[in-house]
Each structure stands twice: as C-alpha cells, then as structure tokens.
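Everything below concerns the one structure shown next.
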Amino acid sequence: VGFKAGVKDYRLTYYTPEYKTKDTDILAAFRMTPQPGVPAEEAGAAVAAESSTGTWTTVWTDGLTSLDRYKGRCYDIEPVAGEENQYIAYVAYPLDLFEEGSVTNMLTSIVGNVFGXKAXRALRLEDLRILPAYSKTFIGPPHGIQVERDKLNKYGRPLLGCTIKPKLGLCAKNYGRAVYECLRGGLDFTKDDENVNSQPSMRWRDRFLFVAEALFKAQAETGEVKGHYLNATAGTCEEMIKRATFARELGAPIVMHDYLTGGFTANTSLAFYCRDNGLLLHIHRAMHAVIDRQRNHGMHLRVLAKALRMSGGDHIHAGTVVGKLEGEREVTLGFVDLLRDDYIEKDRSRGIYFTQDWVSMPGVLPVASGGIHVWHMPALTEIFGDDSVLQFGGGTLGHPWGNAPGAVANRVALEACVQARNEGRDLAREGNEIIREASK
C-alpha cells in the first residue's frame, strides 16, 4: 500500500535549502529560538509546516492533494549575530494558501497557530514580502497621502495634531471647547483618544455634535480646513458603521479606528465605507505593544504596518524616534518608508528583510506621537519629512497659557523649522536656535 503512517521529522518535507523562491510566493522572515536539543533546521521546518499544510503526523489525505504545490518551505536559515541560539528562518508560502483581499486570513495562516509549536521556544515574525499579485486584491488606504493633501489644501509641511486630554471625564460640551481652542490656535487636527468610544460621561453622539460645531467655528475663523479624528470604534461592526455614517452626515472630514482591538475584518469594512463616502481614516495602534514589544517573540510593528496598509487606513501611529538609540531610528524610518513609498529596497540595517513593491497602492501618513513637544520639532521635521502628522498631546495642552497658545506655539515652531529647512539650514545643529528665534 502507498500510504505509510507515522510521525516523521518536519525537516524531511519542509526544509528545502535548494528551493528557489518564486515571484508568486509570499515570503516571511521569522526570528526563532529553538528549544534546547532541537536543530535549527527542524525548528524552521516546523514553522513552515504548521503555518501551511502540515500537522504533527502523516495523514492519508495528504495523498489526495499535491503537497509540493501547497506546502510552505523553509528555504534558508541564518544565525542572528550577537544572539545565542537565535536564527532567522526564511519561509516561502505559495499564493494559493491565502484568500484574496483578506488580511484576516493572511495573518491567521502565517501567525495563527505556529507560535505555540513545541519545537520553538520563542518566535517572532520580523517581515513579510507581499507580492503585487496579492496586494492588488486589497482595498489599501481609502484615499492616500496625495488625495488627503488635496482635500485639506495643505502642502509642503507636516500636518499637526493633538490628542484631547483628559481622555475620559470631560462632558461633551467641554470636550468640544478644548477641540475648538486647539484648532483655532493653528493645529490641523485634534484627536479622540483610543479608548474614547461611548462612555457614560460622554456618549458618542453628543461628542460628535459638539466637535462638529467646534470644527466649523474654527474653520470659519481661520480660513483653513480642520479635522478631528472621531473615534468610530465600537462593540459591533454595525455600530461602528452607524457612527461613521453620523460623522459623514455632520460633514466631518475624518474618522478613526483602533485597528488591532477592533480587528482587521472590521477595519477593512470601515476602509471601504470611508472610500465610498469621502471620509479620511485615522488608525490608532492600541494593543500593538502586546504583540511587538518583546524582541524575540510576537510580530514586529513593520508587519502590523504592512497589514494595515493592505487593510486600509490613511494615518497610522508610528512611534517618535526622538531620543531613542540610533539603530532604533533607522529601523523606525525603515517601516515609515514601508508605509509611504511605492517601492522599498531590502536593507537589513533598517530592518527591511525583503524588497517590497506596493505598485500603485496609496501611501499611509505616519503619525509621530507620544511624549513630544516644541523642542523636538526640528528633529521631527528632519526625520519624518513633510509626509507625516506630528501629534502633540501634553505638548499642546500643557502650555501654561492654555490650549490655543499651546497650538500657536506648535504651529509657529513647525513653520519656522520648515522655512529653515527650505533655506538650507541644518536642523540637527541649529534646531534650538531656530526655535528660540521663532518664539520671540
């Protein structure tokens, strides 16, 4: 009989160092720490097997399909320099393993089950290569960077935002008042915090109404287009779309979603709604550190960012890089480019394991936020460039004279830095001097 039952090593089937990757493969780079006594080849093969067609034993139904066509393959393993017992395992997945247009299915396949496999003590997905034939099946950002600039009529500089604090406890009217002060002072956007949904102290409908009033008042007074990220995240997809619909009816230009806690299915639904109804979509990454904080286990933020670009979003939070280590800066800039650019070359020093070609998929604006203030402005302008949103929460609202003067300070600092850069001055060296001159 042709079928031979029993358990055999994964590497006999799934470790294929002679394999030449195809243009139709999705490629993954896993950082793995094998269990003591498990060879790296076996651990890499186990990862490839468990995230594609394999199971722990041979099954007779394997004979009813073409394993060679469908199996994932671990095609290369390299030790991580400076780390004991850590390896990068490269795995190629045939395109037929994935449903078109579903980030949910892609992540369920690649990382859904394999992180509990016995052979690996720890596992981290560092990067994915998404081929154009697959990325073309996704909606991508509802509008993208250029369309957003045209809608807002704002060019040649980063955009400015501010998260309204305290995040919970204000009534809707005072919340709207804080929004108005910031926008009147010169910010482009204000923002609901990620956990502001519809709590007893401030129901979503009341908040939306007072914020819309603040928006239009600030627009009339400044002559600029203003926005507030109205958080449409809700307990059900239906409720989320209901909130986005109300925002559209009020004439708001942008809504917001917590894409990891809300889930990729909900996010893609909202992205379709936003594209069909002319709403921009701001994405918050709440819960990301649960997944990406550990250096040897989980998923790197660049994978979550790639997944978001496919699922749909016009802005996404991307950390700040200010005051971090040099290496961190390069890695952060690497995935910022993955969000914005059409074509990104492989560059291991920036954490980019594969060349990524997004073809014509629109870009996402990276949002720098978290503990930044006016004195960081020269560094932020230099690092992030024009296509970004700089978001100052306490850096605006913490101004001793209040919200509007805080917003003015940010806008003046930004305009000064952009002008200095355009004049060819060195922001890194002269930054503090530029800010001092501007504040007179």
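Cβ from N, Cα, C; glycine included.
These numbers come from a predicted model, not from an experiment.
For reference, Swiss-Prot has these:
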- K165: active site, proton acceptor (ACT_SITE)
- H284: active site, proton acceptor (ACT_SITE)
- N113, T163, K167, R285, H317, S369: substrate binding site (BINDING)
- K191, D193, E194: Mg(2+) binding site (BINDING)
- K4: N6,N6,N6-trimethyllysine (MOD_RES)
- K191: N6-carboxylysine (MOD_RES)
- K324: site 'Transition state stabilizer' (SITE)
Close in space, distant in sequence - T163 (substrate binding site), Cβ under 8 Å, 6 or more apart: T190, K191, D192, D193, S369, Q391, G393
Given the recorded Mg(2+) site (K191, D193, E194), which additional residues of the same chain have their Cβ within 8 Å of the Cβ centre, ordered by sequence? T163, I164, K167, D192, N195, V196, Y229, N231, M256, H284
Relative to the Cα of the residue listed as 'N6,N6,N6-trimethyllysine', which of the recorded positions K165, E194, H284, R285, H317 has the closest Cα? R285
Diameter of the substrate binding set by C-alpha atoms, the set being N113, T163, K167, R285, H317, S369, in angstrom: 36
Packing count at D193 (Mg(2+) binding site) (other Cβ atoms within 10 Å of its Cβ): 18
Of the recorded positions K165, E194, H284, which one has its Cα closest to the Cα of H317 (substrate binding site)? H284
Near the Cβ of S369 (substrate binding site), how many other Cβ atoms are there if near means within 10 Å? 21
Cα within 10 Å of E194 (Mg(2+) binding site): which of the recorded positions N113, K165, K167 qualify? K167
Can you check what DSSP calls H317 (substrate binding site), collapsed to helix, strand or coil? strand
Just to be sure I understand the packing, how many Cβ atoms besides its own are within 10 Å of the Cβ of N113 (substrate binding site)? 11
What residues, ordered by sequence, lie under 8 A Cβ-to-Cβ from K167 (substrate binding site) and sit at least six positions away in the same chain? D193, N195, V196
